[in-house]
Each structure stands twice: as C-alpha cells, then as structure tokens.
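Only one structure is covered here, and it is reproduced in the block below.
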Amino acid sequence: MPREIVTVQLGQCGNQMGAVYWQRLCAEHGISSEGILEEWATEGGDRKDVFFYQADDEHYIPRAILVDLEPRVINNILASPYANLYNPENIFVSKDGGGAGNNWAQGYSAGERIYEDIMEMIDREAEGSDSLEGFMVMHSIAGGTGSGLGSFLLERLNDKFPKKLIQTYSVFPNAQEGDVVVQPYNSLLALKRLVNHADSVVVLDNGALARISADRLHVQTPSFDQTNQLVSTVIAASTQTLRYPGYMNNDLVGIIASLIPTPRCHFLMTSYTPFTSDQIDKAKTIRRTTVLDVMRRLLQPKNRMVLTTPSKTACYISILNIIQGEVDPTDVHQSLLRIRERQLANFIPWGPASIQVALTKRSPYVTTNHRVSGLMLANHTSVASLFKRMLDQFDRLRKRNAFIEQYKKEKMFANGLEEFDDARATCDELLKEYKACESPDYVSFGGPDGDQS
C-alpha cells in the first residue's frame, strides 16, 4: 500500500520550484495540466497516489500546500495552464501581501499569526491520507518566508506529527553574490531548525546550481526557469523509486535509513546526469550513457549541487545511486567493481564502504534522448565546508552587529539576541560532527570522552 507524502511549498523559491516539479510529475504520470489522466496513459505500474489523490470527478490533485506571504509567484501559478491542477483550499497568500521583508524574524512571526490557517490545510491533507509517511518541504533559507516561516512550520510539524518523516529540499544562498544582505543571519537561524526538526535535508546550493547550469547550457547567467528545471529534475528523480517502485527504497524511510546512519548528519548532496534538453531548455547533449559512465560522472565533484572546498580527508558517509532506464544488473555489478578498483569514492573509516544502487524504470510517457540516467544522493563530509562558509559570513555581520535593529523589532529578539548565539552554536556543533566523521574514533563522538555530550 502506498504511503502518502504531503508537499509544503513556502515562499517565492519554494513555490517556483514546486510549480515546475508538479509539471514534471504530471508529464511522468500521463496527467494533463488540468489533472485529467490522458487517454493514452494506460501503462500502469506507477503509484500516482503517493503524491496525488483523486477528486470526486476522478481528476488528480497534488497533495500540495502552497504558502506565501506575498502574492506574485502564486498569482503566476494561478494564471498558468496548471491553475486548475491544485486544490484552491490548499493555497494560502497572506492578506496584507507584504511578504517578510527578507527577514527571518518577520517570517517566523508571520507563522505565529497564520498558524491556524496553515495547520487546517495540513491536517486536512493528513486526514485524507490512508497511511501518511511524511512531508516534503520546499523552500529557500536566504530570504524571509522560506527561512522564517519555514523554520516555524518545521517546529510545528515536528511537534504535531512526531512519527512522520520530514524531508526538505532547501536552497542555500550563493556565497559569492547574495542579493539579500542579511542572508547570513536568515540562513543560520533556519539551519538550526533544519538540524533539529528535519529528518533529511537535500542541500541545493545556489552557487553550484548556477555553475552547473552555466556549464550545461553554455550561458553565463542561467534564467530562474532553467535553474528551476534543473532542481525539479533532481527532486523528481529523488522520488522516482516511490512513484515507480522496485524491490527496495520504495518508501521514504527506506531511502533515509540507507543514507543517514547518525541522526544529526542528515544533510545530503545530489548529482544528476545527464541533463538534456528534454528536461532543460538548451542543454548540451551527452552522447554516451553506459551505467559505468553515468556512475562515474555522478562521483565527479563538479557535478555535485553543493560548492565545497576540496579536502584530502573528506569522505562519503553513504551513497545511494538511483539509476533510471533499461539496465542490466550485471552492468551495475561490473561498474561497482571498476569504481572500487579505481578508488573513485573515498568512504568513512568506521562504516560500510559501499555504493547502494536502486534500479527504477523510467516513465513510459516521457521520451528521452538517452538510455540511462542517474541521480546520486550522498552524505559527504565536505558539506562541512558549506557550514563553515555560512559561519564565517554570519560572524562578519554579527561582529559589527550589522542590521540587528530589523530583528529586534520582532518579539523573539525584543529581549536579547540569544537566538543568534544558539543558532551559531548549533551550526558549529554540526560542523564539528561532520569533521569528526572523517576519523575512525567517530563512534565514540558525543560519548563521555567525546567532544559533546
């Protein structure tokens, strides 16, 4: 029996990503922009009801909740050909429409005001599921709504549904060129909630997305649409084994359990290959896609969707490759042997050094130019360099108490700035834990003789 997942899209970024993701899911399941199953979509074998449910008139509706504090992006969705796909009762735009002013504290306070409206939608979706497995949250952590309101909702979802999984797709800001001056504050405050209240966080680093888009598309500055197509391809591929199930990894808990051996280190990187013009406008083609070729490309640092600082000690904690297409399992076995012989992947010294592979069939309704494609979900210690970058940027602002007044206007910061210090400490502990994973005695980390209690 399929276990349903409710998607919560927050803010400008979350709703832009979500809109393209649902277009992609509709295409992969033979569902029209109005939610009607196409006459030619007769293949079966897919599980639509993990992410969709059927209305009384049989058309398919995403199990999605769209929330924003300003109306522009949701208005665009409602003016698009997919306007009738969504349940109008599951769309929330703040009445004053003023947004969160790129301020985490404003977004968080807005959460307290609109909590009941949003929770009513979430409860309705949860109750409409036969066997809810969990939530997927799409957001950015740089601005106000995705980071602040996102933080508030993560806390509440965790309180209200303690046994349900929460997987986030979180866009981290581009370190080089952020358009929000206070993004180091917003990001760190949101990161604390991602550490404490999410079971798994797929890290999408804007800097890396821009670099991969530029590399694949031959353009200096890729458009928002192109970057969102990139992201939606990755999100759709990461849910492929839930929608086209095989023997393993056919529910969220199976995927998370195989990737996250210790609870705090749950920040995952992704690589995908090949990106082609089927998915992204103007993508250059890759001629050859054997299983070995795809698996080798997935391990190349330049294909990772997180910009990390190279380090000799960095290593994989776990890898899950989701390979799509008509693939012979012997090819997979041979490819894994070749990768091991050439030592293309460096693993932690205290755990199993193996690449897990999930084979999944591809949607019969989407034609592609390539035989095999692959997504890698990896837990890698070099993600610590992303947290280090965030800490350094935060410290630079905090040292001067720059822009603090904007935060003090909100209730949470009215009596002091402990929340900032607490968020910084959480990030620092996370950084230390990922670094500790690189040493053989990590197993005693956090014990009486370890670094933390």
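Cβ coordinates come from backbone N, Cα and C, glycine included.
The shown structure was predicted, so the numbers you read here are calculated from the model rather than taken from an experiment.
DSSP assigns Ala142 (GTP binding site) to coil, not to a helix or a strand. What Swiss-Prot records for Ala142, Gly143, Gly144, Thr145, Gly146, Ser147, Gly148 is GTP binding site.
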Nonlocal neighbours by CB distance (under 8 Å) for Gly143 (GTP binding site), same chain, sequence gap 6 or more: Gly11, Gln12, Cys13, Ala100, Asn102, Gly107, Val180, Gln183, Asn186
Environment of Ala142, Gly143, Gly144, Thr145, Gly146, Ser147, Gly148, the listed GTP site - residues of the same chain whose CB lies within 8 A of the CB centroid: Gly11, Ala100, Asn102, Asn103, Trp104, Gly107, His139, Ser140, Ile141, Leu149, Gly150, Asn186, Ala190
Chain-internal residues near Gly144 (GTP binding site), provided their CB is under 8 angstroms and they sit 6+ positions away: Gly11, Leu69, Gly99, Ala100, Gly101, Asn102, Asn103, Trp104, Gln106, Gly107, Asn186
Fewest-neighbour residue among binding-site residues, criterion Cβ within 10 Å, set Thr145, Ser147: Thr145
Three-state secondary structure, Gly148 (GTP binding site) (per DSSP): helix
Other C-beta atoms that fall within 10 angstroms of the C-beta of Gly146 (GTP binding site): 31
Same-chain residues at least 6 apart in sequence whose Cβ lies under 8 Å from Gly148 (GTP binding site): Ala100, Asn103, Trp104, Ala105, Gln106, Gly107, Tyr108, Ser109, Ala110, Gly111, Asn186, Leu189, Ala190
